[in-house]
Amino acid sequence: MEVKTSLLDNMIGVGDMVLLEPLSEDSFLENLRKRFDHNEIYTYIGSVVISMNPYRSLPIFTPDKVEEYRNRNFYELSPHIYALADEAYRSLRDQDKDQCILITGESGAGKTEASKLVMSYVAAVCGKGQEVNKVKEQLLQSNPVLEAFGNAKTVRNDNSSRFGKYMDIEFDFKGDPLGGVISNYLLEKSRVVKQPRGERNFHVFYQLLSGASDDTLKKLKLHRDFSKYNYLSLDSAVVSGLDDAANFRTVKNAMQIVGFMENEVLSVLELVAAVLKLGNIEFKPESRCNGTDESRVKDKNDLKEMCELLGIEQSVLERAFSYRTVEAKLEKVSTTLNVAQAYYARDALAKNLYNRLFTWLVTRINESIKAQAKTRHKVMGVLDIYGFEIFEDNSFEQFIINYCNEKLQQIFIELTLREEQEEYIREGIEWTNIEYFNNAIICDLIENNQNGILAMLDEECLRPGTVTDETFLDKLNTVCAEHQHFESRLSKNSKFLTDHSLPHNCFRIQHYAGKVLYRAEGFVDKNNDLLYRDLSQAMYKANHCLIKQLFPEGNPAKVNLKRPPTAGFQFRASVGTLMRNLQTKNPNYIRCIKPNDKKAPHIFTDSLVRHQVRYLGLMENVRVRRAGYAFRQLYEPCLERYKMLCKQTWPHWRGPAREGVEVLMGDTQVPAEEFSYGRSKIFIRNPRTLFFLEERRRQCLQDLATLIQKIYRGWKCRTHFLLLKKSQITVAAWYRRYAQQKKYQRIRSAATVVQSYTRGWQARKLLRELKYQKRCEEAATTIAAYWHGTQARTELRRLKQEVRNKHAVTVIWAYWQGTQARRELRQLKEAARSKRAVSVIWAGWQGTKARRELRRLKEEARRKRAVALIWAYWKGLKVRREYRKYFRANAGKKIYDFTIQRIMQKYFLGLKNTVPSMSPIDKNWPARPYCFLDRVHAELRKIFHLWRCKKYRSQFTEERKAVYEEKLEASELFKDKKALYPRSVSQPFKGDYLEISKNPKYQKLSSAVDEKVLLADVVNKINRANGKGTARIFLLTKKSFVLADQKTGQVKASVPLPDLSSVSVSTQSDGFFALKLKEGSASATKGDFLLSSERLIEIITKLHRIGATAADRDQLSVDISDEFLVQFKHDKVCVKFIQGAPKNGNSVSCKRKNNRLLEVSVPNTA
């Protein structure tokens, strides 16, 4: 049986502020404090969730908690953000209602964490599957990327969102996520160039310097030392509890999961590095001859490194920092910039570059996470936006942030009242008009198209002449002086003339959350958000792949002299779009509150929380909810909860639930004006009535508990008595059985003893008889044995005597035989000794004779050698005496030279006879005879090989020479780089494989091509959508290449070769190649060509050879890589080659992975 629970069970304080009694600001704060001290950080105001930031981890966000709140009624469990997320998700899934979750609060209140919790809960409870999990992972991993580039450490929050974010998560009809769309609002780009004391720049700068590898930093021309960069504040560079290096790795991993390519990640990091380098550029003043001041760059090293990162000419950017060009119709005026203006231009460029990079990141993430299906989707929006801001010094940023919060408060009140009214009408309850403060008058003061503050600010910015913040304030004082929510010291309203809390250069607006003092200084400049056109045009000239997308207005071909829209106008338009979007969805609210400014747990600051309660309008929200009926509940749970208050409904009510509630309320004697009956719910007007019912229920539960205890104790005693009675009967039965068993055993034992004595007597009698019989038999046997023994001994003596006689004869005969044998042996030995003596004497004589002969031969040999040595010495002495007169002192060197010359002569004559054949591929070469001839031997081998190659080449015809030149060029391009190359070496380059001019099928195509066809073959054109190939005829001439239909011969595309920029191929054994066209050329409108051919080597070699011989264009670049980009119309697609197991007959397969990736699987032939 399922246990029914309620929000009212085990309640600490009041879980729903609508039930707070009495209702006051003090009781409201006391209830929040009480719940916060007991780790209850969530409280309801009807369907609105108040979230207190605990500044520590609590065990209330576990997977078990997710399952606990899954598919549960909103008021069934204690307040939790999961209850609101579950209610919104089930309404979207089951009732097909688009939802939006609005998260507001000041910086540090936990808005970003709340949005993460909502998204993680929805991801946990929706469907499963490979594609669904991929979408969920991409949606969740978009947060770390946006936090790195859009969040920063402030004095109030270590991870403060410095931009507004609205994400639409799209679901299918089953409730599974399909994708999402992110909208960003007002990035605080001024933080890029300047941060208040105690705060940091955006996280990504510190993460890059702390977590990037040394190679990456070297490539980006950066150093790890934060102090080397002017845009990074040093007093808060390191934040305790924040690991920038680990966060950088997390961000890179998240970018890969979302779908960023490696080259895109590197491009983004290059722009981040460029912003850091930009902050280090400093200027010095110079005076011109005409007396005007201009600026020059002090140290050009940082400027040079930044230009190298972005691919900009240094002189172009340096001029853009020094001059400003103003165009008006047909006139163009160029003026110099002084040092202050140059620094303004530098900071404006840094802010715009980072802001546009952030916008590009959001757009790129949207491309990856957007839903692929074109059908209608269910949508859940999550709005994480800055809360109301009141600082000591409030400027333009706080003004438009507070304007956004005014609009959110307006739509919040409207939607809350509309939700109340719709529920009353749906339930048939009479609707009474609710009095509340309508802040439409404040919104009109700010956004009115004629007299609104933003309209006047735009008008002032566009007005010719001198425009300053003072003129803007004067205009406000003139137009808005009589407005009841506008205050200024210089306005016509005399009551503020003596208000010293209102400075002369400020104005004050009374917002719904309180009065805010704004300093007019900087309003005009921040609203203009001006970036000089010279800088835009200089950035557009960059070769970096992202810069042209970020600065499209810099295109000289599309110069727009119209002034760009102001920041205020853009923000007002985006807020209007957001409001219209929110009004089409069912709203759910999360109000985040920061308990203290110390970012410490267990601290509740009354003044700070009171301030937030006021500007969030929470008391106003409670009063709106309580203006009608404070509490409402469905009949079934109401009857289930309070049925014990009435005897007729307890314990079970058999009729309809409404009738049971009517009987119950009538029995409790609650006044009729305190409640009303709707169609499906009961409405209770006053919280006191609900607490009265709860008190009655508590008393009834105590009485019921007492009754249950009484019945249980009686049942327990009766059960114990029956158990004892049953046990006594069992024990008695067992005892009687035991006594009978003992008695039986005694009788049986006595009978056994009598029987044993009787059997013993009988056995002993029988034993005596058997013993007597046995003795008689043994006596007869003994007598017979003695008689047989005597007979046997007599026979034995006779046999022994007979044996002795026979043995004597044998011994005598043996002695006689031995005597005869010994005599014969002595005779044989005597004869042998005589023969051996003769042999020994003969052997001794032969040995003596041999030794004498050996000594004679040795003596003769020694004499011959002595004669030869004496003769050689004599010849040498004779020659030396004869030639001494010729050689004198240098005889040794001349003899050496003569010897070397003779050896060389002999070497060359020998080489002539052993030279190898004239074939260039013959690698044989005779061995060298002497070590000192090593270099000569190798050089002769090289000269001979070159000579015979020259002789071999002289036999070539012009056609054969051209073929070999193409083969040589193919070797230079592809040898040891492309796995397909070895197979092409043995295949001759034929060129025209289709015989276009001879084949009548291609007569029409042949006539369409005016020039000589250098190559004609059938290739496969790869389709981006599915990776499948379509057969096309590829024709190559000296001026263009043509793609035509294989069946009809119709020309599909004709591209001049000057429009071709490069060719990309992989390193593997596939036939895929991409023909990349130059940007801006007429042929590039449909994008690049991705083709496949078995004769890839020949096609690219001929293309490269034509480019090398043409004088009017650059040589064609051939890129060999396993991953390259191909431009398909407006999108760039990455083609990635991987090795896989052989499939489909060892053929190459191409498959689309997502919108930006084609994966080519090449069989592994190893």
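Cβ coordinates come from backbone N, Cα and C, glycine included.
TrEMBL entries are annotated by machine, without manual review.
What TrEMBL lists as ATP binding site is GLY105, GLU106, SER107, GLY108, ALA109, GLY110, LYS111, THR112.
Feature annotation from TrEMBL assigns domain 'Myosin motor' to 12-698. Taken together, the residues in the domain 'Myosin motor' (12-698) have a mean pLDDT of 83 on the 0 to 100 scale.
What TrEMBL records for 978-1164 is domain 'TH1'.
Assigned with DSSP, the residues of the region 'Actin-binding' (575-597) fall into helix, strand and coil as follows: 9 helix, 8 strand, 6 coil. If you look up TrEMBL, you'll see 575-597 marked as region 'Actin-binding'.
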### Query
Given the binding-site residues SER107, THR112, which one has the fewest other C-beta atoms within 10 angstroms of its C-beta?
SER107
### Summary
Cβ-Cβ distance under 8 Å, sequence separation of 6 or more, same chain as GLY110 (ATP binding site); the residues meeting this, in order, are SER51, ASN53, CYS592, LYS594
### Query
In the same chain, outside GLY105, GLU106, SER107, GLY108, ALA109, GLY110, LYS111, THR112, whose C-beta lies within 8 angstroms of the Cβ mean position for the ATP site?
ASN53, ASN157, SER160, SER161, GLY387, CYS592, LYS594
## Note on the structure
Taking all protein chains shown into account, the Cβ-based neighbour count within 10 Å for ALA109 (ATP binding site) is 24
### Query
Do any residues at least six apart in sequence from GLU106 (ATP binding site), in the same chain, have a Cβ closer than 8 Å to its Cβ, and if so which, in order?
ARG156, TYR386, GLY387, PHE388, GLU389, CYS592, LYS594, GLN612
## Note on the structure
Ranked by how many other Cβ atoms lie within 10 Å of their Cβ, the binding-site residues GLY105, GLY108 are led by GLY105
